[in-house]
Amino acid sequence: MAFSHDNRVRFKDEGKPLSSEYGYGRKARPSLDRVFKNVKWGFKKPLSFPSHKDPDHKETSSVTRKNIINPQDSFLQNWNKIFLFACVVALAIDPLFFYIPIVDSARHCLTLDSKLEIAASLLRTLIDAFYIIHIVFQFRTAYIAPSSRVFGRGELVDDAKAIALKYLSSYFIIDLLSILPLPQIVVLAVIPSVNQPVSLLTKDYLKFSIIAQYVPRILRMYPLYTEVTRTSGIVTETAWAGAAWNLSLYMLASHVFGALWYLISVEREDRCWQEACEKTKGCNMKFLYCENDRNVSNNFLTTSCPFLDPGDITNSTIFNFGIFTDALKSGVVESHDFWKKFFYCFWWGLRNLSALGQNLQTSKFVGEIIFAISICISGLVLFALLIGNMQKYLESTTVREEEMRVRKRDAEQWMSHRMLPEDLRKRIRRYEQYRWQETRGVEEETLLRNLPKDLRRDIKRHLCLDLLKKVPLFEIMDEQLLDAVCDRLRPVLYTENSYVIREGDPVGEMLFVMRGRLVSATTNGGRSGFFNAVNLKASDFCGEDLLPWALDPQSSSHFPISTRTVQALTEVEAFALTAEDLKSVASQFRRLHSKQLQHTFRFYSVQWRTWSVSFIQAAWRRYCRRKLAKSLRDEEDRLREALASQDKEHNAATVSSSLSLGGALYASRFASNALHNLRHNISNLPPRYTLPLLPQKPTEPDFTANHTTDP
């Protein structure tokens with residue numbers, strides 16, 4: 001048989017089963033270790049593609065397709081989420097370099113924090129490793145040809161050369177600019193080898209290198225975020241996680257602006273020192289940096305660069321620090337305590353970003369004004385995005401509750417409009433409340449109906465199979481038949497005191513109880529003096545009148561009439577099998593050739609139990625009646641024999657005394673009265689010794705119709 005070209009991509013090892021390749025359970029989610037294991041495995045295992053070409057070409061094709069990763073594979077999708085998180089962390093690590101310059105207040109010079117240099121460089125290198133892995137993945141990840149997306153998912157391109165050309169022409173340049181270790185080079189290589197003031201060079205180089213790399217790193221996050229949402233539909237699994245994700249972006253922006261505020265504050269103080277040094281005779285610029293050996297004092301800088309608020313400056317010759325006055329007056333630029341600097345600057349950024357920069361009093365310095373404008377615009381955009389996205393995520397957690405409130409309000413208005421009695425209203429409210437508690441507003445049938453058939457079958461097996469096997473009637477069935485039954489079952493709910501079916505109504509479905517208790521009662525067609533009730537619990541079933549009707553190929557279109565009334569004693573959860581579905585499944589019953597199923601049905605059927613009990617009781621009453629009649633006959637025969645013997649004695653004696661004649665007359669009268677009483681007792685037996693009218697024997701379900709019976 002010839003097959004068309006198959007575009008499916010599978011990681012397949014001929015020596016192992018498919019389930020062992022992925023190593024994922026049905027409910028398991030890949031962890032970080034699992035992702036790295038799958039990454040390693042993905043580069044070792046070639047892809048398996050169906051082909052119709054000659055074996056030599058197949059081997060060549062297998063070699064060229066080696067190490068190609070399926071973009072729809074779960075481990076790659078999880079890696080994209082991890083890399084997206086790593087990109088956010090990278091944006092948070094880069095501003096740490098801005099805290100390296102420190103002002104030495106004692107010597108009035110600029111120095112560097114060597115410990116922070118090493119720590120920030122190591123963290124930046126660790127995050128860059130994620131970028132390297134991502135670039136390698138991009139050279140090994142297949143893509144869907146745009147021209148093939150007219151129908152379906154499109155054709156997967158697995159050629160390594162085509163993949164490389166596509167990546168080189170798209171995001172490779174951005175990824176390359178993002179991964180360049182410019183801050184590490186500045187801190188660990190450039191600074192130790194220059195003869196100029198190290199603090200000044202470090203401050204300037206770090207500012208430009210990090211800002212230059214920030215742009216491609218931010219640009220790379222947007223297509224990555226789009227790819228994650230396109231393949232998996234979501235970034236976070238829960239609404240609260242989504243709200244936290246958007247809040248973290250807002251906090252990241254606060255951290256970035258706080259770090260920039262710190263660095264520019266140091267720059268403004270350094271600028272003030274330079275201007276003061278130019279005006280002071282004998283001042284050398286290089287002595288403004290602590291790494292230079294010097295024996296001079298810079299105490300004049302204290303009076304030349306006072307830290308005054310912009311509103312307190314009356315002399316135009318005084319240096320205006322603008323919005324950076326707070327950082328200088330608080331001494332945060334002079335502190336060697338990193339966490340003190342970090343949290344103070346973070347709080348400044350968060351406060352002004354939330355206030356949209358309204359309280360910032362700037363100087364006439366253009367860079368400071370641009371910085372304040374960027375805070376205002378960024379705060380406006382980020383705050384709008386934060387509120388909008390958090391509202392969207394948080395509303396998703398309450399949308400079901402709102403639907404429930406609207407439904408309850410509509411139900412109350414409808415009940416009031418129709419003037420329903422209070423007892424019916426209570427039953428409706430109780431049903432809606434119980435249904436909400438069980439389903440949380442999710443329409444399960446609609447959700448399952450939109451899924452593929454095989455997936456729907458697996459879900460139904462997961463939901464119903466274990467519960468069905470608790471029902472003895474299903475416990476002895478094979479897996480194929482259970483699959484057919486599971487696919488047609490639908491969950492139903494019954495509130496307390498509600499009627500499932502009434503005696504004399506058509507039976508439209510068979511019910512299998514999973515939780516709760518019911519009572520099944522019958523009056524044997526309304527016959528006076530007859531009543532039978534049986535309690536049903538979990539694993540019991542009712543509506544068995546439908547089974548003989550469904551098993552009969554010649555049955556009419558009219559549903560059978562129920563012989564029992566079934567009422568819920570508590571809240572009941574059950575699975576229902578409708579008459580049409582049972583009719584379609586019944587053909588598989590007839591293929592079982594099993595007497596065991598027939599005996600099991602009889603044993604657990606309420607109708608068969610009732611009929612069996614009535615039959616046994618009737619047989620017992622017949623036995624008691626026959627035993628009583630036999631004892632009465634024996635007593636009558638004994639009395640007759642006594643009378644006969646007395647008559648013989650009377651005829652043999654020719655002469656008798658008056659006393660003997662009186663005794664004979666008394667004995668004769670006693671025997672006559674005893675026989676009369678025996679006959680009267682037989683005709684007036686109590687009802688428990690009489691044979692009542694038996695219930696109609698249930699219809700025998702033909703499990704082997706049109707088939708030979710097993711010996």
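The backbone N, Cα and C atoms fix where each Cβ goes, and this holds for glycine too.
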(request) Please indicate whether the topological domain of HIS108 in Swiss-Prot carries the same name as that of ARG640, placing both on the same side of the membrane. (result) no
(request) Would you mind listing the long-range same-chain contacts of the transmembrane segment (82-102), meaning Cβ under 8 Å and 6+ residues beyond its ends? (result) 32, 35, 110-113, 116-117, 119-120, 123-124, 127-128, 130-131, 133-134, 183, 187, 199, 202-203, 206-207, 210, 213-214, 217-218, 220-221, 224-225, 228, 235, 248-249, 252, 255-256, 258-260, 262-263, 266, 333-336, 338, 341-342, 345
(request) State the count of C-beta atoms found within 10 angstroms of the C-beta of PHE575 (nucleoside 3',5'-cyclic phosphate binding site), not counting that atom itself. (result) 24
(request) Starting from the Cβ of PHE541 (nucleoside 3',5'-cyclic phosphate binding site), draw a 10 Å sphere and report how many other Cβ atoms land inside it. (result) 22
(message) Short question: most Cβ pairs under 8 Å with the transmembrane segment (244-264), which of 171-191, 205-225, 367-387?
(response) 367-387
(request) For ARG490 (nucleoside 3',5'-cyclic phosphate binding site), just count the other CB atoms lying within 10 A of its CB, please. (result) 16
(message) Please count the residues of the domain 'IQ' (609-638) that DSSP assigns to helix (H, G, I), strand (E, B) and coil.
(response) 30 helix, 0 strand, 0 coil
(message) For a three-state summary based on DSSP, what are the helix, strand and coil counts in the topological domain 'Extracellular' (265-366)?
(response) 56 helix, 1 strand, 45 coil
(message) Let me check the 10 A CB neighbour count of VAL507 (nucleoside 3',5'-cyclic phosphate binding site). How many other CB atoms are there?
(response) 21
